[in-house]
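**Student:** Have a look at this one before I ask anything.
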Amino acid sequence: MFSHKFICGSLTKMTETGITFDPPVYEQRYCATIQILEDARWKDQIKKVVEFGCAEMRFFQLMRRIETIEHIGLVDIDKSLLMRNLTSVNPLVSDYIRSRASPLKVQILQGNVADSSEELRDTDAVIAIELIEHVYDDVLAKIPVNIFGFMQPKLVVFSTPNSDFNVIFTRFNPLLPNGFRHEDHKFEWSRDEFKNWCLGIVEKYPNYMFSLTGVGNPPKEYESVGPVSQIAIFVRKDMLEMQLVNPLVSKPNIDKESIPYKLIHTVEYPFYVDTRTEKEKLWTEVQIELQRFKRQFESSEIEEGTYQDTCNMPIAFLLDRLEHVGATKERIEELLLENNLTVENECVLIVSSDQESEWSDPYKFSDRSSQDDALVDQEQEEERWDQGPES
């Protein structure tokens, strides 16, 4: 067995009238799944991720921020749902201004989680958040065959409701007529039932190990019921530096009864490969800080009605601004002298606007300059997403 501990904090509060989770359970599920994908034991080896049951593609908005992921497949059987939400995967304006350091291809696919299809080959990680409880037994039986037999990913994450927790929910509201939390649920498993399902998978596919966890902690004095949502993490043994029991099949056959997936939408994100040396990167940052200091100096001159041909920027000030990129006093002074700038009395001499030299516009030397601050508000405005699915 292996373990995984979440760093997401949460608070569960139960009163006489109800129970609340902060943050909401759906956000806790997303946070937990992102942390699983970013686990240092396998993060760098997860390049292609497939999410089954992607629905409104809310989880994608978080997953796309993982720079090591280069291919995301979003799969759902509901074509109309995919069509209504397909534009949500398109790059934002900020993605063009501050592009990724690696490529990202996104495909929206209509298909059944039980069907094997060419688009699923070479998948490194599979995500199925609150999916399995929505399928009938015949589909449920085929899911392990498709994922662990055909896809053979390095990492698989399933989440599903924990029926043990329903004893708390029913203190305040009855379950739905079907006996579950949601009208489309076909079943809700206890922790033992979920564990038995997982044990059956690793017995049939011994190349995998699993760990059980969950989100949505129970209130105090009810710890015995477990979390609202239970999570199974399956990891292929070679990701844990263990020997595989069986060799991987190089190109598994597609089930003849499977219906091929239909590609609904595809998009490729802009990316920028920075080929500059560390020295060139630091020089660009130095130029940006010199330009910023000069503009501030000239603005103060205009306000005071005084004009000078030069201004002096303290090396200490420059160092303070650039320590976060690994700058040292020696490296800064070396760069300044190499680029014919004058250093006197622990200051660099900056010429006025009418005497500008070629270093005056650092942006023409770099397409990827420091623009983070200017983008924060824009990204927040573009990436707001509303309340998610039920807990």
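Placement of Cβ uses the backbone N, Cα and C atoms for every residue, glycine included.
As listed in Swiss-Prot for this protein:
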type	residues	note
BINDING	ASP76	S-adenosyl-L-methionine binding site
BINDING	GLU130, GLU133, HIS134, HIS185	Mg(2+) binding site
COMPBIAS	374-384	compositional bias 'Acidic residues'
REGION	354-391	region 'Disordered'
**Student:** Could you tell me the C-alpha distance between GLU133 (Mg(2+) binding site) and the residue listed as 'S-adenosyl-L-methionine binding site' in angstrom, no decimals?
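**Tutor:** Their Cα atoms are separated by 15 Å.
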**Student:** Quick one: Cα separation, GLU130 (Mg(2+) binding site) versus ASP76 (S-adenosyl-L-methionine binding site), in Å?
**Tutor:** 13
**Student:** Pop the Cα-Cα gap between ASP76 (S-adenosyl-L-methionine binding site) and HIS134 (Mg(2+) binding site) into the table, whole Å please.
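**Tutor:** Per the Cα atoms, HIS134 (Mg(2+) binding site) and ASP76 (S-adenosyl-L-methionine binding site) stand 12 Å apart.
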**Student:** If one measures from the C-alpha of HIS185 (Mg(2+) binding site) to the C-alpha of the residue listed as 'S-adenosyl-L-methionine binding site', what distance in angstrom results, rounded to a whole number?
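**Tutor:** Pair distance, Cα basis, whole Å: 16 Å.
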**Student:** Of ASP76, GLU130, GLU133, the binding-site residues given in the record, which has the fewest other CB atoms within 10 A of its CB?
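**Tutor:** Counting other Cβ atoms within 10 Å of each of the binding-site residues ASP76, GLU130, GLU133 gives the minimum at GLU133.
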**Student:** Across all the protein chains here, work out how many other Cβ atoms are within 10 Å of the Cβ of HIS134 (Mg(2+) binding site).
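**Tutor:** Other Cβ atoms within 10 Å of HIS134 (Mg(2+) binding site): 17.
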